[in-house]
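Straight from TrEMBL, the features:
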type	residues	note
TRANSMEM	B:12-35	transmembrane segment
TRANSMEM	B:42-59	transmembrane segment
TRANSMEM	B:65-86	transmembrane segment
TRANSMEM	B:98-121	transmembrane segment
TRANSMEM	B:141-166	transmembrane segment
TRANSMEM	B:195-214	transmembrane segment
TRANSMEM	B:234-257	transmembrane segment
TRANSMEM	B:269-293	transmembrane segment
Amino acid sequence: MPLTAWASRLLPADPARRRLAVFLGSALLLLVLPLVAQGFGNAWVRILDTALLYVLLALGLNIVVGYAGLLDLGYVAFYAVGAYMFALLASPHLFETFPAIAALLPNGLHTPIWLVLPLGAALAALAGVMLGAPVLRLRGDYLAIVTLGFGEIIRVFMNNLDAPLNLTNGPKGLSGIDPLRVFGLNLGRPLELGGYTLSSVTLYYYLFLLMAVLSVIVCVRLEKSRIGRAWMAMREDEIAAKAMGLNVRNLKLLAFGMGATFGGVAGVLFAAFQGFVSPESFSLHESVLIVAMVVLGGLGHLPGVVVGAVLLAALPEVLRYVAGPLQALTGGRLDAAILRQLMVALAMIGIMLLRPRGLWPAPEHGQPAPPRPDPAALPPVAAKPGSPP
Amino acid sequence: MDIFLQQIINGLVLGSIYALVALGYTMVYGIINLINFAHGEVLMVGAMVSWTVITLIGPGTLPGVLLLLIALAVAMGVCMVLNVAIERLAYRPLRDAPRLAPLITAMGVSLLLQTLAMILWKPGYKPYPTLLPNQVFHVGGAVITFTQVAILGVTALTLAGLMLLIHRSRLGRAMRATAENPRVAALMGVRPDTVIAATFAIGAALAALAGVMVASNYGSVQHAMGFLPGLKAFTAAVFGGIGNLPGAMVGGLLLGLIESLGAGYIGPLTGGVLGSHYQDIFAFIVLILVLTLRPQGLLGERVADRA
């Protein structure tokens, strides 16, 4: 590969310095990326933002599926919990619907981010544990289908909790959600910095990037911690893990809870970013998409998960620009949304068939068993009668 | 009282459709331990193909029943070929892979079929013509349409035929043997690959039949129509004890009754707080209850530890 050879000649030879160079290089790239993209239009930055949100979601689901081995197809429910919580606490909806709240807070609800983020995380974690508790005994396919059902139940409620008590505004969704304010900085407005304008989506990009980096750090630490290793032991063999004295029940609940926390935080960010939430954003397709990201990238392997998330989130968005002519060519049958779905579906099938362990699998996976001890060192076994000497 | 009877009838109709689809799930799960997520989409393809056939020939040019039968036959044929192809391309190569891999391809196939349906037939509801007589029967205050009677009758006949096939024919014996243990069955001269393909074909035919029934009963088709029935049929299969054929039938009928009665009575019972649009949550509540209280299902014997 001439490209990689060329790239490696640019980098210092010493491995430690090489790692530092790669680290600084990617950090610089991530920081500059939206500024460059902004030049081509805010739509491109918006794609980056969405990709980062999906990275957050995929990292969260990776805790549940990748580390603990619990296939959760209702993950989007926690995303919804976070998003709806923020939407309710920072939009005029509750204020307009309930006179009691209007009387209590005459200026409307504008809950600050420092209250909402932990609250969203906590609420989602609680929902995660609540989902986990009744399904502790289930594994594999059964767990998948029950969590899928759980996601659908949440969606039915989101769709129907507009009567007799209008809580979610039903299929119409909640709009007019406040943008996030961080230390007095309103992320919803462009920021003038010495004559250079940072657009709102770019500001969100930096917030999302910060959250994604934090999540990666949390995940790396988690992976190496006792809890992380216990999860993986449980994933590989639950009975053996139990026999070794691990509390499988608490580990599972913890995995559901921690995974859900990420989903809740991502939901809060999503609601603030969009300014609008409706049940449509939390369909089963979304869950399947996130599962696909985790599995396609490489289950339980952080770089793989991040790559999977970015790939599946950003690529179809980029395809949107290809879709115009294609749509005209096919008489309107193949628009961007359909093309995206087609791609996700084909990727799910194709990558599983070609690389069942994902695009960038964890190196430990598929490692051969440790070499057997030298037979000569073992006590001799009595020869079976009839076997050759 | 008449509401009760009406909901029972509706529940039985709904339940017999679930039962047909659940059989496809349970047969596949019994043999290769795979939740065929795409099974609901096969139902959708069946309904769509039959819609296309009916629109192509044109309702009114042939006697309604004949037209419906032709459409049904074409739909069944297409679905059988489709399902066997899916098994060959997306599931068979992964039979020895980690459990998650075929599950993911199954979800991929489900998404793919929905997308292709959107491309082929365009999104949105399409009216499905009424081909059976518009006659209505009154049974003690409740109303039952001719279509509903037909659904109940055809389901009963199909189930009886399927039981005969499974328990009396050579293929049925091969299927049962493969479900029990594919390796031993292979030693006995059964070809597991052929049996599995046949299972997918039978399941697809049942799903196509169910698809035509759903379309005739509700009078419309669209690309996402297979998803919920598919999910609920899986619930029915688990309810009855997955891998168990009579279980799938019983589970399907019971689930239909629970849903129908639940939707009918949830309004009055909760004082109007929850309405009949909560119908879809009953299946999942049943699923969670069954899996936590009796994971082997109503008629299943084996403990669900393999899941």
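Cβ from N, Cα, C; glycine included.
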Taking the transmembrane segment (B:195-214) as the first stretch and the transmembrane segment (B:141-166) as the second, find out whether 3 or more Cβ pairs fall under 8 Å, excluding pairs closer than 6 in sequence.
yes
Look at every Cβ pair spanning the transmembrane segment (B:234-257) and the transmembrane segment (B:65-86), keep those 6 or more apart in sequence, and say whether at least 3 of them are under 8 Å.
no
Counting only pairs at least 6 apart in sequence, do the transmembrane segment (B:12-35) and the transmembrane segment (B:141-166) share 3+ Cβ pairs under 8 Å?
yes
Residue list, the transmembrane segment (B:65-86) vs rest of chain: Cβ under 8 Å, 6 or more residues beyond ends.
38, 42, 45-47, 49-51, 53-54, 57, 59, 109, 131-132, 197, 200-201, 203-205, 207-209, 211-212, 216
By Cβ distance under 8 Å, which residues at least 6 away from the ends of the transmembrane segment (B:141-166) in the same chain are close to it?
1-2, 5-6, 8-10, 12-13, 16-17, 19-20, 23, 130, 132-135, 172, 175-176, 202, 206, 209, 213, 216-217, 245-246, 249
Sequence-remote contacts (6 or more beyond its ends) of the transmembrane segment (B:42-59), Cβ cut-off under 8 Å?
21, 24, 67-68, 70-72, 74-76, 78-79, 82-83, 113-114, 117, 120-121, 126, 128-129, 131, 203-204, 207-212, 214-215, 221, 223-227, 229-230
